[in-house]
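According to Swiss-Prot:
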- 23-42: DNA-binding region (DNA_BIND)
- Q118, R122, G123, R124, K189: biotin binding site (BINDING)
- 74-262: domain 'BPL/LPL catalytic' (DOMAIN)
Amino acid sequence: MRSTLRKDLIELFSQAGSEFISGQKISDALGCSRTAVWKHIEELRKEGYEVEAVRRKGYRLIKKPGKLSESEIRFGLKTEVMGQHLIYQDVISSTQKTAHELANNNAPEGTLVVADKQTAGRGRMSRVWHSQEGNGIWMSLILRPDIPLQKTPQLTLLAAVAVVQGIEAAAGIQTDIKWPNDILINGKKTVGILTEMQAEEDRVRSVIIGIGINVNQQSDDFPDELKDIATSLSQASGEKIDRAGVIQHILLCFEKRYRDYMTHGFTPIKLLWESYALGIGTNMRARTLNGTFYGKALGIDDEGVLLLETQEGIKKIYSADIELG
């Protein structure tokens, strides 16, 4: 079944609410035979949609699946590019790994890889990312920006802004950014962002943005070593959160910010990022591969590099683990 027809069929059911829609009306709306309509509905049932069929009345949608699915993500997605080419799998080793393979095979910009569970999810510096089934968002987005190599770190900050805005739009939850790639709620990590690049000499071939979000986890779902430092959107709101809705809003915000970035450069993103960032103007400790530095965070420069005012002068921090206070 073509994904566009599946999306259109779900939209028809949603518009009808609790009312039945005749097979002929669906057939006319989708431009296919009534036999094809039946086949399309059977495909939806396989995805977990509960569809009631009554002779001489037609069909109506009783219940959507509780699990994440390609159809749920596609339905209501208002982007033009981001996520329109979508690969969804229930279980995957790593969305980032699959996205790299797709990028190598000329997948178009905006291609999104989403999984309900990762068996080998990873974060920055090859750290393990705990990504269990049924509770989180694990996705990777392929970009093909025409920018110099040295500007690719800016896309991590752009992604962070889009995630903050998308979460607030989808769930009404305000979050903070901790440089460079963590999103926090009340000081606890909720989102991690991993940016990787494929390049040839001085040319960017693709940028892969990996985003992991703790959505519906409760305290007992986290390993003991994470319970005190991690949280989820559901824990913050006290409610179960629609994962597909969060994905849709993040993609829409990302598309808008990415368009701004490609048209107007990094300055609009920089201003937004600093408005959401924790620790600007306060002291922090930056642990880098070349040593640990302590000082006052002045903000980020025009390349997205953290500026730390230390006793020895202003230090540029390109990559580090940050400890606030």
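Backbone N, Cα and C define each Cβ position, glycine as well.
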Under a three-state reduction of DSSP output, how is Q118 (biotin binding site) classified: helix, strand, or coil?
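Strand, per DSSP.
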Indicate whether K189 (biotin binding site) is helix, strand or coil by DSSP.
strand
Which residues of the same chain, at least 6 past either end of the DNA-binding region (23-42), have a Cβ under 8 Å from a Cβ in it?
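Contacts with the DNA-binding region (23-42): 1, 5-6, 8-9, 12, 51, 53, 58-59.
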Go ahead and report the DSSP secondary structure tallies for the DNA-binding region (23-42): helix first, then strand, then coil.
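Taking the DNA-binding region (23-42) as a whole: 17 helix, 0 strand, 3 coil.
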Suppose we draw a 10 Å sphere around the Cβ of K189 (biotin binding site). How many other Cβ atoms does it contain, all chains included?
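Its Cβ shell of radius 10 Å holds 16 other Cβ atoms.
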Tally every other Cβ atom lying within 10 Å of the Cβ atom of Q118 (biotin binding site).
25
